[in-house]
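Copied from TrEMBL, the annotated features are:
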SIGNAL    1-19  signal peptide
DOMAIN    29-111  domain 'Saposin B-type'
DOMAIN    116-197  domain 'Saposin B-type'
DOMAIN    211-290  domain 'Saposin B-type'
DOMAIN    296-429  domain 'Saposin B-type'
DOMAIN    435-516  domain 'Saposin B-type'
DOMAIN    524-603  domain 'Saposin B-type'
DOMAIN    609-691  domain 'Saposin B-type'
Amino acid sequence: MKSFIVLAVVAAILASAVATPVRVAQPESEIPCAICKLVVDYVDHLLASNSTVAAIEAELEKLCSDLPKAWAGECTDVVENYLPAIIQAIENNADPTTVCTQNLHLCSSSMKVQAPFDDCSICELVVGELEKLLENNHTIEIIETELGKVCALLPASWASTCTALVNNYLPELIQHLEDDLPPQTACQKIGFCKPSATPVKIVIDDVQSFGGVECSLCELLFKAVEGYLAKNNTEAQIEAELEKLCAHTPWKDSCDSIVEEYLPQIIEAIESNETPEQLCTTIGLCSSEIADVAAPFDDCSICQLVVGELEKLLENNHTIEIIETELGKVCALLPASWASTCTALVNNYLPELIQHLEDDLPPKTACQRSASASRQIEAELEKLCAHTPWKDSCDSIVEEYLPQIIEAIESNETPEQLCTTIGLCSSEIADVAAPFDDCSICQLVVGELEKLLENNHTIEIIETELGKVCALLPASWASTCTALVNNYLPELIQHLEDDLPPKTACQKIGFCKPSAAVDVAAPLDLECSLCELVAKAVEGYLAKNNTQAQIVAELEKLCAMTPWKDSCDSIVEEYLPQIIQAIEDNETPEQLCTTIGLCSSAIANIEASPETCKICEYVVSLAEAMLSGKSVNNTQIEDELKKACVLLPKKFQPECSLLVDTALPAILDELEKGTPAAQVCTTLHLCTSSDARPHFRRAMRKAVHKLRIE
């Protein structure tokens with residue numbers, strides 16, 4: 001949805017501009033700067049997509065209309081007055097991040113733009129999206145999901161407000177829109193916008209200031225009472241439940257005082273359909289100036305509340321299922337902005353918390369050991385894993401081993417010690433050399449195969465799982481891995497059943513030499529492997545419309561996770577612009593890394609021999625036949641040639657598959673240039689003689705005949 005792309009750009013621009021939470025309405029001079037950066041970034045993406053000027057103008061008109069009214073006019077002014085200059089600057093290769101400062105002078109170099117998002121603006125943004133969703137007659141479930149995506153695109157300091165708004169006020173907002181109220185009026189009705197034009201200020205810093213604790217407790221109690229009334233509890237029952245609730249907060253006395261003094265008024269206000277904000281402001285516990293009081297419930301406070309309740313449940317010897325259910329009820333009593341944290345805590349850390357309590361740790365210490373820091377680390381690792389070519393494996397390691405990793409680091413273990421201890425590294429290969437040769441790839445496959453055989457998996461499951469292992473490797477290693485699995489799996493299984501160790505099994509099929517030194521025909525270079533890793537990551541970042549500055553930042557994290565950080569950083573520093581340009585020109589990682597000289601041509605690593613020559617001629621003859629027949633693309637040709645390789649005698653199949661993987665683009669290029677098929681392999685230096693062994697000629701003719709019959 002186009003509006004989600006707009007919001008992603010808004011979030012990226014404003015998140016990079018904000019160093020501290022929003023506290024006050026911004027000076028007028030800063031808004032044009034923020035809007036300028038937003039427009040420039042959007043134009044940069046549109047130009048990269050080869051959009052025409054007319055198309056850019058149309059998209060920017062939509063962009064400006066999607067912004068809150070307070071900024072829409074500024075956005076339109078920037079587009080009308082500066083669009084030609086913006087386009088010219090970007091086409092002249094100006095850095096988009098400096099256009100507003102150096103070219104248009106709408107930002108000063110010292111200006112740190114702060115986002116003008118307040119509660120009112122966030123509400124108007126949500127209502128604007130809600131209007132579009134209602135126009136399309138979406139169900140309430142789809143509306144909630146789509147608005148959740150909108151909130152998720154915002155920086156965390158605004159996303160919680162956005163999520164709370166959707167969770168708590170969606171039915172009211174829908175009703176206001178059905179009553180034809182404009183967005184700002186609808187937001188005024190639910191207390192997110194003030195009737196005046198003055199932006200609502202958000203106070204975040206001092207939770208002990210007027211109305212801080214009392215206001216948050218009032219809203220907490222209001223929501224709890226709503227739940228009890230929905231269950232038809234009497235006032236006495238409600239008072240008893242609130243007493244328990246207050247006992248779990250760090251502010252028990254204040255909470256008890258509010259219940260004692262204001263409970264009848266709270267019940268009356270709920271029955272009169274007042275909102276928590278209205279009631280708590282009316283009775284003087286919230287200031288009318290505070291639209292969204294920063295709750296004194298931080299992660300630590302919520303954790304202590306959960307642990308207090310958990311202690312009581314453990315004293316009564318409840319089962320884990322009952323404990324989870326009861327703690328879920330506690331979380332449900334909290335306002336939405338705290339409830340999600342509470343639920344995540346219960347879902348992810350309950351076993352640890354139980355263990356800490358059984359070790360007689362006090363609640364605060366238990367919480368320090370468990371949730372807060374670990375959750376932040378987990379969130380950062382989730383981002384990091386998403387940017388690697390091995391996301392699923394990376395996520396699995398985080399999910400399974402993060403507590404052990406944190407504990408090991410706190411115990412001053414090294415990465416090598418830790419990863420060996422938890423079984424992810426062998427003690428013999430804790431410091432792994434980067435380049436994978438055929439022998440290393442084979443031993444990797446055999447190691448995985450051993451685990452699969454121990455679990456008595458079927459041959460089909462084994463093939464599927466090993467296919468996943470191969471897919472995790474960079475392309476230059478994956479093809480060898482795939483050929484190994486496709487052609488030698490039954491033999492490897494037999495060797496393992498004969499109790500041969502992995503290296504001996506690989507020696508038996510010719511992937512490892514008996515001596516320790518492995519003389520491979522095509523050594524895989526570290527720089528080449530790192531280049532392909534970086535290029536593959538950049539492909540993912542560009543697909544998400546990341547700017548070059550964002551890509552550099554993400555690659556810095558990626559390089560830091562490899563054992564070859566300095567080499568990786570050097571490649572990023574020296575070649576990133578070329579890599580980006582090559583990917584935008586639809587080059588593959590293999591092609592671009594060869595072009596910039598970090599990988600040698602794969603064809604050059606294939607040693608010419610009579611067998612290689614005849615395999616090449618075999619592949620060329622089939623490729624020529626496919627090109628002269630019905631319309632096929634390169635991928636289809638490659639797939640058919642891979643099938644053809646399997647029809648050859650087994651000892652020729654790996655080389656045939658390797659030649660298709662590495663030489664096919666050059667072969668097709670020669671054929672398309674008009675090079676006679678008989679000369680292609682000589683041109684590519686894969687043939688030095690026309691001689692061929694008779695048994696190979698017969699095998700090739702038989703394979704071609706079988707392929708044509710099929």
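Cβ coordinates are placed from backbone N, Cα and C, and glycine is handled just like the others.
Here the domain 'Saposin B-type' (435-516) does not touch the domain 'Saposin B-type' (116-197). Their Cβ atoms form fewer than 3 pairs under 8 Å, with each pair 6 or more residues apart. Contact between the domain 'Saposin B-type' (524-603) and the domain 'Saposin B-type' (211-290) is not supported: fewer than 3 Cβ pairs lie under 8 Å, counting only residues 6 or more apart in sequence. Computed over the domain 'Saposin B-type' (609-691), the whole-number mean pLDDT of the model equals 79.
DSSP states for the domain 'Saposin B-type' (609-691), grouped as helix (H, G, I), strand (E, B) and coil, give 62 helix, 0 strand, 21 coil.
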